[in-house]
């Protein structure tokens, strides 16, 4: 793709076209070749409709510029005008909604929520909307989503969580949730994402472009005690043409990265249901634009971004926790300031552009995972090893 993303020399290297990653823009790891990981496009892209922003490497859409304390404050006051297209851009582009955010409406419908418990099983009285989504999934020819084989939500928490995410992504609108769920099941049956995790991709095209890392709080059994990240390192792209010319291949690589992140999230072992307001089962996305130019965008990157946004908005709803755009040129600040006038506050709060990637570690002081910031790589302000050492990505050769 969540999930280049132009020429000139910067930092002693060749400046590459920044891939546009629309969305992680509304909408699903996490880690598009472009940038980030929905309806949130969620669901316009459903929803992954032709949003020209999102998961592929970001350029204009996914490249918000640096923020200051005042910027952050401004984010909270930004007007909330989002469209279905905005959602699709969530997944990988800070320009609209996130791949997991639901579309903003003047009269939002409350999402049907499952009762939270810590027992590992759900209440026998499954909410009617969840029961109807389960009936639809059971009747499909491919009752699997994100590595979880769907089962009766009355006694299978992982299934209840997934179905609730589809409701949340659509603001509790059951017909829309059914439509999105049905399309996801059809897409997974055709795309076979789990097989892509085992597929070997070209090292020359994708080496160093994406990683997944997981950090856990020792001794904690709570879902808040685990943080999963997808990293899109666009400066690692050696050739825009080689990496993005074959759209299908790039999309498969991006999906493989997201599925790896979902394996680390481990929804199949979840014991705590979610509600419309409580959902700890989400992923952080980081898009690094160091050494990239945002002045121009390759048609190949634009195409990859658009398709990534569409796919992630439709098939990975409610999975984005927050998205960080690091090493973004300060000159792009005015674009982000402009965006805040039109993007819904709840969505804009999930996007954090920063000029200096070394400040990233400071963003996780409130995490339930102790010392999370220090565990990040040194170039992101932590004391941990390089991503190539502590992270993993799709198979390459």
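Glycine too: its Cβ is placed from the backbone N, Cα and C atoms.
Range annotated as transmembrane segment by TrEMBL, chosen from 304-323, 324-343, 344-363: 324-343. Computed over the domain 'CRAL-TRIO' (248-388), the whole-number mean pLDDT of the model equals 88. Each residue in the domain 'CRAL-TRIO' (248-388) gets a DSSP state, and the totals come to 68 helix, 21 strand, 52 coil.
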